[in-house]
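Undergrad: TrEMBL lists ASP38 with the feature active site. What TrEMBL lists as Mg(2+) binding site is ASP38, GLU225. Summarising the annotation, TrEMBL assigns substrate binding site to 39-43, ARG51, HIS55, 83-85, TRP87, ARG89, ARG206, 212-214. Summarising the annotation, TrEMBL assigns active site, proton acceptor to ASN86.
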Amino acid sequence: MAEPVTLTGKEQTEEDRALQEELRQRGPLPVHIAIIMDGNGRWAQQQGKRRVVGHYEGVESVRDITEACAQLGIPYLTLYTFSTENWQRPASEVNALMQLLVKTIRREKKALLENGVQLRVIGDVAQLPAVCQKELAQAVRETARNDRLVLTLALSYSGRWEIVQAAQKLARKVQEGALQPDDIDEQTFAAALPSAELPDPDLLIRTGGEFRVSNFLLWQIAYTELYITDIYWPAFRRRQLYEAIRSYQNRERRFGRIDASDTNGVR
Ligand code: IPE
Ligand code: IPE
Ligand code: MG
């Protein structure tokens, strides 16, 4: 039995252990869960608090969901943390988010290390303040050998940005004569994406109730199962995650084919 995971600092209850076991028995768990963590501002405003309070509480959800995924044995969790478009928010909110990022990485690094969590980042990180880049690079380096859960933060990220990176990389190879245009297929394209090492997400969760993908993992979600909940991110904890996983387990993933048992008389 692997060492227990403790990111929240709370001991896992027997009841929670049983719920996780039930989920494992119920059917295959997603290998890769991606989450659009939306609704922090509305959660705070609903309580008459400043938007930033929602971001603080959102960090608690990150800890709880990361811990639950590691305990469940889900190998990949990717969190949409800050989009390319989020740079257009007021400077005060952007600064508060960047400070929160630095503070959180500093505070959680030890727990990530001790709990087998490997931290990765995808996005145009050169746009982030130097101190953020430094803290992130250090945490990524120090946790690189962990293999219980790969936690990827999408920062200064957009799906279109990522696709453009791949296009530029392939164009350079063609220019150098190392690649023929006709040799570019889905595999070579996917391999040129900055997130190439991540498998495509099986389940994409969006909190905060909006029915859109907001420029997240556009290439990778071709056949991802979508789960949208009205719950705001700061209120989304492991119970809500289990509900999303149950919904995922009830789906039939056909990938464009037909149900094996339903041939409608045609063989
Ligand atoms: C998500 O919550 C966090 C980030 C985008 C950084 P929001 O800040 O978008 O909160 P709402 O959607 O305005 O409530
Ligand atoms: C998506 O949330 C980006 C992140 C969660 C980081 P937004 O709040 O930025 O998305 P829109 O504006 O509702 O599409
Ligand atoms: Mg939002």
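Cβ atoms are placed via backbone N, Cα and C, with glycine included.
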Undergrad: In the structure shown, which of the binding-site residues TRP43, TRP87 has the fewest other Cβ atoms within 10 Å?
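TA: Minimum Cβ neighbour count within 10 Å, taken over the binding-site residues TRP43, TRP87, occurs at TRP87.
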Undergrad: Do any of the recorded positions ASP38, TRP43, HIS55, THR84, ARG206, VAL213 touch ligand 3, in the sense that the CB is under 6 Å from one of its atoms?
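TA: Within range of ligand 3: ASP38.
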Undergrad: Just give me the nearest neighbour of ARG206 (substrate binding site) among the recorded positions ASP38, ASN86, GLU225, Cα to Cα.
TA: ASP38
Undergrad: Return the count of C-beta atoms lying within 10 angstroms of the C-beta of GLY41 (substrate binding site), excluding that atom itself.
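TA: Other Cβ atoms found within 10 Å: 22.
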Undergrad: Cβ under 6 Å from an atom of ligand 1: which of these binding-site residues qualify? The list is THR84, TRP87, ARG206, VAL213, GLU225.
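TA: Listed by sequence, the hits amount to none.
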Undergrad: Helix, strand or coil: which one is GLU225 (Mg(2+) binding site) in, per DSSP?
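TA: DSSP call for GLU225 (Mg(2+) binding site): strand.
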Undergrad: Could you measure between ASP38 (active site) and THR84 (substrate binding site) for me? Cα positions, answer in whole angstrom.
TA: 15
Undergrad: Going along the chain, which residues six or more apart from GLY39 (substrate binding site) have their CB under 8 A from its CB?
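TA: In sequence order, the residues whose Cβ lies under 8 Å from that of GLY39 (substrate binding site) (at least 6 apart) are GLY54, THR207, GLY208, GLY209, ILE231, TYR232, TRP233, PRO234.
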Undergrad: Using CB under 6 Å from any atom of ligand 2, narrow the recorded positions ASP38, TRP43, THR84, ASN86, TRP87, VAL213 to the ones that qualify.
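TA: Checked recorded positions vs ligand 2; flagged ASP38, ASN86.
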Undergrad: Measuring Cα to Cα, tell me the gap between THR84 (substrate binding site) and GLU225 (Mg(2+) binding site) in whole angstrom.
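TA: Approximately 24 Å lies between the Cα of THR84 (substrate binding site) and that of GLU225 (Mg(2+) binding site).
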Undergrad: Give the distance between the Cα atoms of TRP43 (substrate binding site) and GLU225 (Mg(2+) binding site), rounded to the nearest whole Å.
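TA: Rounded to a whole number, the Cα-Cα distance is 26 Å.
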